[in-house]
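See structure below.
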Amino acid sequence: MASSVTITLIFLFLLYSTEAKRTYIVRVKHSDKPESFSTHHDWYTSQLQSISTDPQSQSESESPLLYTYTTSFHGFSAFLDTNEAESLLSSDSILDVFEDPVYTLHTTRTPEFLGLNSELGVASGYSGHASNGVIIGVLDTGVWPESKSYDDYGMPEIPSKWKGECESGPDFDSKLCNKKLIGARSFSKGFQMSSGGGFSTKRESVSPRDVDGHGTHTSSTAAGSAVTNASFLGYAAGTARGMATGARVATYKVCWSSGCFGSDILAAMDRAILDGVDVLSLSLGGGSAPYHRDTIAIGSFSAMEKGVFVSCSAGNSGPTRSSVANVAPWVMTVGAGTLDRDFPAYGNLGNGKRLVGVSLYSGEGMGTKPLGLVYNKGNSSSSNLCLPGSLDPTTVKGKIVVCDRGVNARVEKGAVVRDAGGLGMIMANTAASGEELVADSHLLPAIAVGKKTGDLLREYIKSDLNPSALLVFKGTVLDVRPSPVVAAFSSRGPNTVTPEILKPDVIGPGVNILAGWSDAIGPTGLDKDSRRTQFNIMSGTSMSCPHISGLAGLLKAAHPEWSPSAIKSALMTTAYNLDNTNSPLRDAADNSLSNPHAHGSGHVDPQKALSPGLVYDISTEEYIRFLCSLDYTVDHIVAIVKRPSVNCSKKFSNPGQLNYPSFSVLFGGKRVVRYTREVTNVGEANSVYTVVVGGAPSVGISVKPSKLAFRSVGEKKRYTVTFVSKKGVSLTNKAEFGSITWSNPQHQVRSPVAFSWNRF
């Protein structure tokens with residue numbers, strides 16, 4: 001009995017201790033390390049021991065130190081209580097201490113849609129074998145190495161610059177890596193500390209293995225090998241391959257069941273830079289934060305300075321205004337658009353009308369007999385959303401249930417209907433999702449319909465005494481028009497951190513994307529889904545981000561001398577703004593015309609990006625001048641740039657003076673805003689470009705000079721743009737848009753312009 005009480009007391013003490021402690025990221029003056037310590041790690045350990053309130057933490061095995069950061073960040077992360085964290089701040093060497101932020105995942109047709117030749121695996125002018133030297137690092141949920149997407153047949157030896165490794169784990173043999181998948185690591189200390197030191201699912205372990213599927217999907221999208229006869233349960237059949245099939249893949253597992261922790265992300269970015277990656281792809285993010293408190297922004301600055309291109313997803317919080325994430329100007333921020341491929345399904349109603357929707361349902365059909373329809377009939381006020389436990393089995397058994405989209409996962413709604421005895425589901429959009437249709441692999445016959453169709457369906461059920469429907473599935477359809485369309489879920493500008501920088505930068509394919517999948521989990525991700533498939537179809541800016549990461553890899557291979565900023569500029573200024581009906585891009589949220597706050601510079605066009613003509617390059621020093629123009633302290637800027645000190649005497653008068661490939665003009669009470677830009681000729685010698693201005697109704701735009709003549713390749717020219725808000729304009733909460741294009745017979749170098757009159 002006494003021992004039982006003792007064990008209970010020890011458990012309660014440990015529980016209390018765990019609850020009182022949390023992970024903190026600590027920023028340190030790197031140059032302050034005393035000579036008596038041989039390494040920064042030793043110095044940090046000593047600092048933690050000096051403020052520890054836990055005698056057990058004095059030993060190395062019990063040390064609260066989680067990670068020491070040397071490249072992406074100067075400092076460390078540690079598991080501390082509030083008093084210990086505050087004690088650290090009393091040291092002059094400690095610049096900042098903040099809690100570990102948690103980020104979330106932004107969860108075969110694509111190459112052809114982007115103009116990449118499926119036979120050669122490259123666009124005209126790209127060398128398929130040149131990308132063998134490019135290494136794409138993916139920070140995500142890990143990798144399923146057995147996937148055919150990582151087949152290394154015919155690949156040459158691993159580049160000598162590679163310094164990474166393939167880590168082993170309880171369920172991961174390091175020998176599973178090869179000449180395609182050349183690295184696999186995992187970072188879980190931040191996650192484990194947040195979860196009490198354990199894993200929340202039986203599938204998770206400290207290893208690079210992907211038990212979620214997301215990481216395998218994103219990495220194979222970026223650089224997966226070509227796999228013939230690929231499909232998802234018969235849908236989207238064809239050859240599945242990544243954007244840069246010749247590139248190498250290195251995966252860094254930083255996302256776990258409860259999220260992606262900043263301390264783990266920083267450690268992975270630190271390691272990836274040292275390993276020698278050329279591109280970093282992060283399909284994850286959180287809310288907006290100042291750059292000096294944004295771990296992704298801090299880590300990616302170091303990557304950019306080392307010549308590493310960083311691509312991040314914009315987020316899935318659209319169409320909400322100012323919802324875009326990952327907005328640092330040295331990061332490529334990627335929104336999502338549709339493909340010209342769809343998966344049509346229909347609901348034939350008892351009144352003779354037909355609902356048009358989409359679905360990836362692959363099981364047995366419903367036969368030819370219509371079933372009764374029910375909506376909002378259940379045990380709670382949330383039955384319209386089909387939340388768990390909300391449906392009344394006696395009401396829905398044997399019927400098709402209409403569920404409103406929103407709150408819980410789309411596939412979970414189908415599972416809720418099935419568990420309550422329903423035989424089918426129609427998921428109907430509300431105003432939040434508008435007319436956007438995302439296909440899902442439901443566990444029962446189910447289709448998704450847009451808001452207008454959903455409203456008609458709800459009215460039919462309300463007005464008919466015996467409403468009924470029959471669901472019909474039609475497989476895969478290509479050459480859908482119009483496409484691309486901006487996905488309703490794709491997060492939107494304006495940029496709340498720095499309104500003078502237009503975000504997102506571009507959109508890429510992000511709706512119904514086929515790519516590799518983990519064998520540890522069913523395609524819906526639900527525990528009750530026992531199906532297994534080598535490929536899965538997913539949607540999100542998580543899917544569009546690795547498309548751009550792969551394309552950046554191709555550009556890096558074709559132009560190894562280009563900086564990350566030059567690659568970014570090439571992708572932005574050559575992006576297109578017309579769909580396949582030759583009409584302006586539209587927004588799936590309400591089928592209205594899209595704008596740069598939704599699509600940035602437009603939809604990427606890799607063939608044109610190969611030869612952009614002119615690029616807007618940005619040096620590290622220019623980024624520092626940009627940071628100096630913000631309302632940051634010197635310590636804040638040092639945190640980002642990792643230098644002993646910074647000189648802000650040459651700061652920009654306005655953050656919008658940064659040599660960015662797009663423009664965001666914030667008048668803020670002024671009538672005139674003037675920006676200067678510099679372009680570098682990467683096209684032909686003796687080239688002449690003439691400017692064409694697309695104005696906004698309320699703004700006058702003038703460009704001087706109006707003509708740029710380049711005698712040689714690599715030559716740089718500057719121009720100044722003056723934006724004048726017309727008298728009497730009062731657009732408090734409205735934005736307008738225009739464009740500035742430098743053109744000659746070979747190239748169209750286009751920059752979108754966004755105008756706002758007040759800070760959002």
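Including glycine, each Cβ sits where the backbone N, Cα and C put it.
Annotated in TrEMBL:
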type: ACT_SITE; residues: Asp140; note: active site, charge relay system
type: ACT_SITE; residues: His214; note: active site, charge relay system
type: ACT_SITE; residues: Ser542; note: active site, charge relay system
type: DOMAIN; residues: 23-106; note: domain 'Inhibitor I9'
type: DOMAIN; residues: 132-586; note: domain 'Peptidase S8/S53'
type: DOMAIN; residues: 374-457; note: domain 'PA'
*State the Cα to Cα distance, in Å, between His214 (active site, charge relay system) and Asp140 (active site, charge relay system), rounded to an integer.*
7
*What same-chain residues, at least 6 away in sequence, bring their CB to under 8 Å of the CB of Asp140 (active site, charge relay system)?*
Leu105, Asp210, His214, Gly215, Thr218, Ser219, Thr251, Tyr252, Lys253, Val254, Cys255, Ser281, Leu282, Ser283, Leu284
_Secondary structure composition of the domain 'PA' (374-457) [DSSP: H/G/I, E/B, coil]_ = 24 helix, 18 strand, 42 coil
*Return the single residue from the active-site residues list (His214, Ser542) that has the minimum number of other CB atoms within 10 Å.*
His214
